[in-house]
Every structure is written in C-alpha cells, then in structure tokens.
Amino acid sequence: MQYARAAVMVEQNRVETWEVPIFDPAPGGALVRVVLGGVCGSDVHIVSGEAGAMPFPIILGHEGIGRIEKLGTGVTTDYAGVPVKQGDMVYWAPIALCHRCHSCTVLDETPWDNSTFFEHAQKPNWGSYADFACLPNGMAFYRLPDHAQPEALAALGCALPTVLRGYDRCGPVGLDDTVVVQGAGPVGLAAVLVAAASGAKDIIAIDHSPIRLDMARSLGATETISLADTTPEERQRIVQERFGKRGASLVVEAAGALPAFPEGVNLTGNHGRYVILGLWGAIGTQPISPRDLTIKNMSIAGATFPKPKHYYQAMQLAARLQDRYPLADLITQRFSIDEASKALELVKAGALIKPVIDSTL
C-alpha cells in the first residue's frame, strides 16, 4: 500500500503530520489528489474543542478542490450528471448523503440523521489537509467548468455555500434590499458578494480590520464601518442615517462573536430579516428583548451545513463572477501540510483573510 501526508488532529489543540494510507475508491466514490484545501474558521473551533467532541484522530479540512486520480466502479459523471474522467478538477461537499433518513428523504434538509462528518485518519478519508482525499459513495462532487479558477472558488471555500444556504433560509436578496453584514471574514465577504451580485440597493459591512473592510468594498459593499472606532450605538446611528427610517431590511451575522447577536437584532429594521451564519462555534448566551422581535415583525433564521446544491451553486457563481470581482485575491497565504498548525493559529488571531493548504509545498 502507498502512503501520503495528512495533517491529523490527534487530540484537542494538537495537530501532527502523519503518513496515511492511499485507498482505492469504493464503488460510487472517487480518489482525488488535493490541489487546495481551505483553512476555515470552523477548523479553529474544531481544534480548540468548541465544536464538541471529535473521534480522534481525524484528518482536518472540509473545503477541498482537487484532480480526480481514480474513479470508483460505476462512476462516469459527477453529481450534476457532467461526465468526468481522470485529471478533471472537482469540488466536493463534505458530508455524504445517506438517502435513508427523515431529513434526507422527507425534509430534504441538512444535516442528515445519519450524517458522517469525520472518519478515523487511517481509514478512507475526505479531509483536505492532505495529499489525497478519498470521497465515499454519496459524497457529492462537481466538475469545475473549464474556465473556472480554482483559487476563486477556494477563496470562498464553504463560506459561499453557507451564505447561499442562509439566503435560502431567510429569503433571497432583492433589488430594494438594504443589507448590513456583521463581520468581513470569508463568510461576511461571501454575503457581501452575493448581495451585490443580486442587486441589493445598499450594503454596509462591519469589521475591525481595515484590510477586510477594503476587500468588502471591492466585492460590492457601498459603505464600511470600523468596529474598532465605533460603539454599538454609533453603528446603529450610522445605519439609520444611511438607510433612513426603514432601516436594514436584511442583516447577516457573520462575525462569530456572541455580542454581534443582540446588536444585529437592533440593526434589523421593521419587517426585516436577520440570518445567523457565523455563530456556529460560539458557545454562550446573549440577552435580547423578545418584544423587539414582535414590534419589528422581524424574522430570524439560522443556517449551517449547506446542501450539495449550494456547493454546486457556489461553484457556478464563483466561475461567473471571477473576472468581475477579485475573488482569488482573498487567498492571502499558502501553507504546506506540515504548516497546518501555523495556518490555524493565524486564522484564530484574525491575521489572514483566507489561507489555504497547498499540498505541492
């Protein structure tokens, strides 16, 4: 059996480089040589233990783009019916459908009752902090369009599918929408991008990082607010002055910080919508007044675990917008598999917009 490298989380806050087996794909699956593995804020929560107990040891990375090395028996197309062959570039959704549960077949919702998110590091594995990913039968993957830039798609990793999932949950962005995005990391930047591409009237991005706020403007934000230079009251006043009496018709929480939640409720205007995307790994509570929700007639939706269709939509959208917006520029640094811990530390510190693991390094 042949072996390859992988960044393995062996216990909480401990990541090592291992030599792991390269498995042949199972019938219906695919073996992929990883080209880019996105480093996500969720990975930081996983390593720290905030995301809950994990079945150590696990190969990290749930954002992956790679080239097909070998197809399992019976595989001739991707999950959209597009023919595939060895060497084609693909992008995969990181949870395999079971097709045998209430969530899958009745609700058509994710996560599924029998969802498998991690596997033991020495077993066939789809983690993207590795030289190879072995995609099981049922794990949706899609062939990149010939003109697609892998970096443009990897830059938005699971953030763009998450945003598309969120807008599915709270309703699409319209031409008359006034949007506030809390946080300008990858999820927030993806929220700005989709809102701008959908024709939103006005988009305000809020963040502490001048670099991230500049990137938000390049992706379509019409105004930015520095979190470091303003109080919550000042931010609310700026939003009211910009949007008028109506206020924000849509607020997107993409900050991953608990205090963002009550502030987002305050920023949401009458009959507005508030979608929570970034608080997946933030454990705790925040006080809000239920009366505010009633008086404003507002809606709140949470969203996580995008469906396979959201990964497909994200791939198509990134390919369509890659020449209009500087998507590939979101990738601010590349790391080798051996440097995975360093990449995670820098993401935790907020020092990078979007790092990736590059297995060629």
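Quick reminder: no glycine exception, Cβ is built from N, Cα and C everywhere.
Per Swiss-Prot, the features are as follows:
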type: BINDING; residues: CYS40, HIS62, CYS170; note: Zn(2+) 1 binding site
type: BINDING; residues: CYS98, CYS101, CYS104; note: Zn(2+) 2 binding site
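Annotated features taken from Swiss-Prot, shown on the structure.
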residue: CYS40; record: Zn(2+) 1 binding site; Cβ neighbours (10 Å): 25
residue: HIS62; record: Zn(2+) 1 binding site; Cβ neighbours (10 Å): 22
residue: CYS98; record: Zn(2+) 2 binding site; Cβ neighbours (10 Å): 15
residue: CYS101; record: Zn(2+) 2 binding site; Cβ neighbours (10 Å): 14
residue: CYS104; record: Zn(2+) 2 binding site; Cβ neighbours (10 Å): 19
residue: CYS170; record: Zn(2+) 1 binding site; Cβ neighbours (10 Å): 21
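Taking only the Cα positions, the spacing between CYS40 (Zn(2+) 1 binding site) and CYS98 (Zn(2+) 2 binding site) is 25 angstrom. For HIS62 (Zn(2+) 1 binding site) paired with CYS98 (Zn(2+) 2 binding site), the C-alpha to C-alpha distance reads 18 Å. When secondary structure is read from DSSP and collapsed to three states, CYS101 (Zn(2+) 2 binding site) falls in the coil class.
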